[in-house]
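Inspection log for the structure reproduced underneath, given as structure tokens.
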Amino acid sequence: MSGAVDWALALHGGAGTILREHLSPEDETRYRAGLEVALAAGRAVLEAGGTALDAVEETVTALEENPVFNAGKGSVLTAEGAVEMDAAIMDGASLDAGAVIGLRRVRNPVRLARQVMEHSPHVMLAWQGAEDFARHMGAETMALEWFVTGHRSTQLAEARAANVVSLDHSDGKYGTVGAVARDRNGNLAAATSTGGMTNKQPGRVGDAPLIGAGTYASNRSCAVSATGHGEMFIRLTVARDIAAMMEYQGLDLAAATYRKVHEELPRIDGAGGVIAVGAEGAPVLSFNSEGMYRAAQCEGAAPIIAIFEDAPQDGDPEGTGK
């Protein structure tokens, strides 16, 4: 792409049954503050002329550092009371990608995913192999106690008592974080990170680290990060399909995301949403649940920070916030 283009950035912190009456003013303030901090981290990169890849890494790292979100420090607990964290990152310019699965000690999984992309011949490393690679790369690690918050311990106890596997909250909030960006050179990137599901069977993997399911980026079409019931997003290869509809069917970004999120996912009872950005224009933030923690900003425009479904979003074809 010749000439400078306007940068754009979007992020999410999970989707699901997020209703005003279920969220206390204090919790809403914490979520909005966390979204604002993460948006500022990515925006600083793009405003300085940095790359989309750096922007999504910094944005997701900020979300991983915030215990209110289900990634990094805030990761939910498995049935064994441990954390198993997954992350992926993809460069739309080169189609290079990196992913990690089943991390138990790495502080920022998204940073390790990028190191897999840049310092190994592989796209994905899992469990002990990923932990060994983290030690080799000198990645910062933390003791289990650093990850285990009182809130997550309570969630696990409730899930065990009910004998259920919970997607972050019993109210159906699907916990994943992610970011997509376009830099001034027109390059796109996406990153996604998650702690998975409360009380999940150890070894369970969702869509977040799977390139084409929960994370995808190509300069030919768009960058996508998903949040929702991972098994459904895997079955429909949601992220790559949105890009493919743009590349091969000529759909614009809003139409492609709407078809996938509002028409195809509901057919298999898939709930959640995506954030996406294309070669031009505003990001699209599309979800079929009652809410999605989200934020977005384009160069020269005011930031958007929203939680509930009644807040309209740039790029929303229906103007409803979905």
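Residue numbers in this text run from 1 along the chain shown.
Here the Cβ of each residue, glycine as well, is placed from N, Cα and C on the backbone.
All protein chains included, Thr176 (active site, nucleophile) registers 33 other Cβ atoms within 10 Å of its own Cβ. Look at Thr176 (active site, nucleophile): DSSP puts it in coil. Residues annotated as active site, nucleophile in TrEMBL: Thr176.
Under DSSP, Gly206 (substrate binding site) is assigned to coil, being neither helix nor strand in the three-state scheme. What TrEMBL records for Arg204, Val205, Gly206, Asp207, Thr227, Gly228, His229, Gly230 is substrate binding site.
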List the residues of the same chain that sit at least 6 positions away from Val205 (substrate binding site) in sequence and have their Cβ under 8 Å from its Cβ, in sequence order, or write 'none'.
Asp86, Ile101, Gly102, Gly196, Gly230
Out of Arg204, Gly206, Thr227, His229, which of these binding-site residues is nearest Thr176 (active site, nucleophile) by C-alpha distance?
Thr227
Let me know the most crowded of the binding-site residues, choosing from Arg204, His229 and counting other Cβ atoms within 10 Å.
His229
